[in-house]
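Record features, source TrEMBL:
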type	residues	note
BINDING	GLY239, GLU273, PRO274, GLY275, ARG276, TYR370	pyridoxal 5'-phosphate binding site
BINDING	ARG276, ARG312, TYR316, GLU343, TYR370	substrate binding site
DOMAIN	30-368	domain 'Orn/DAP/Arg decarboxylase 2 C-terminal'
DOMAIN	35-280	domain 'Orn/DAP/Arg decarboxylase 2 N-terminal'
MOD_RES	LYS60	N6-(pyridoxal phosphate)lysine
Amino acid sequence: MSQFEYRDGLLYAEDVALTEVAKKFGTPTYVYSRAHLEQQYNSYADALDGMPHLVCFAVKANSNLAVLNVLARLGAGFDIVSGGELERVLAAGGQANKIVFSGVGKTRAEMHRALQVGIHCFNLESLDELERLQEVAAELGVQAPVSVRVNPDVDAGTHPYISTGLKDNKFGIAIHEAEAVYQRAAQLPNITILGVDCHIGSQLTSLEPFLDALERVLILVDRLAELGINIEHLDLGGGLGVRYRDEEPPCAGDYIAQVRQRLAGRKLTLIFEPGRYIAANAGVLLTQVEYLKHSADKDFAIVDAAMNDLIRPALYEAWMDIKPVVPREGTPRHYDVVGPVCETGDFLGKDRPLCLQEGDLLAVCSAGAYGFVMASNYNSRGRAAEVMVDGEQMQVVRQRETIAELYANESLLPE
Ligand code: LLP
């Protein structure tokens, strides 16, 4: 169910009209729905009911403290990829022992801190990382819990930039090489083997690649058992897609039912790392039309949000719906909705039938995941505000960045 619906000719986030958000906090502003975050998290957790599990929200999708806090209160775990994300989770009230740490480039300092706070598991991406983790754990005199992220070489059928499970991706360890890595891990005194991990890509709209990967991973689990290496958990990563336009991705319930069926009789804890599924449709980017520019061939709506605020359309040619907050009667024109940044690639949507006037508010939909987190200060533009709606309440959960903040850390050369 969407929490962004029209009521009496106005687009709402839960029980708050987006016109009110713009009036109070200005634009561009990311607006999140607490209810949607909760509903999506619960759809994972409910489907896993009755078996040991951990739903680790992929922090990279949306790392706002309030978003993390809403999920932490529901008992969520977190999938992190940096020391920065680790500190965010802790600051938001997340539990260290529910954190899994992914990523190909973990530094010694990051490992040290993660071991110190006692995270649940490191998802190892290479043999060298395993050796480094052994050293850091030995220095601290602790055990480091690990999974090996295996690359099952399945085609996720998604955009090449967000497909991660093919053998020529930088991620994971080829599944046929994994056995050797586990054998090495088993010899290391400060390493405890916990699980097997895989993440094959993002925005998957069919279950087949997930189930193919699962089958390959289970073969590995059985081979490891023959070697005397017992696996406690399977981490199947994130990747479940959402609807941006007309996609019909499976829901978490169907996905998990299929996984559970294939695991019947095995004693394995299940971990998932969903990001987009939980956050994408929990947010919109609210923006205002600055100018309408008409030429013989083109109509442009120049808005106050740009590629620095939301880069997905420019980077992946991602299609994200753009809705008028207060729809007008009249004949629509086909607008390219563009920002003020000096790049031809600075667009939020192309060829959108809209009936607009200067000053109108637009909502770029499905922007709750990989939206604000990928924002930059390009063109010396401060980053947008973030607001969380909860029923009739709205609260700013990140202030709009000021111009002074933009160069507060810079300095002039000495005289
Ligand atoms: N786990 C790992 C190890 C990952 O690399 C990712 C995403 C996830 C979980 C979460 O995947 P999700 O459930 O969100 O699909 N910026 C791109 C998406 C990059 C995804 C990177 N990895 C976009 O805007 O589409």
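Each Cβ is built from the backbone N, Cα and C atoms, and glycine gets one as well.
When Cα-Cα distances from the residue listed as 'N6-(pyridoxal phosphate)lysine' are compared across the binding-site residues GLU273, PRO274, GLY275, ARG276, the shortest belongs to GLY275. Other residues of the same chain near the pyridoxal 5'-phosphate site, with their Cβ within 8 Å of the Cβ centroid of GLY239, GLU273, PRO274, GLY275, ARG276, TYR370, are ALA58, LYS60, ALA61, SER202, GLY238, LEU240, TYR277, ILE278, ALA279, ALA369. Taking the Cα of GLU343 (substrate binding site) as the reference point, the closest of the binding-site residues GLY239, GLU273, PRO274, ARG276 is ARG276. Over all protein chains present, the Cβ of TYR316 (substrate binding site) has 14 other Cβ atoms lying within 10 Å. Within the same chain, residues at least 6 positions away in sequence whose Cβ sits under 8 Å from that of ARG312 (substrate binding site) are ALA318, MET320, ALA367, TYR370, GLY371, MET374.
Taking every protein chain shown into account, LYS60, ARG276 are the recorded positions, and of these the Cβ with the most other Cβ atoms within 10 Å belongs to ARG276.
A distance of 22 Å separates the Cα atom of TYR316 (substrate binding site) from that of GLU273 (pyridoxal 5'-phosphate binding site).
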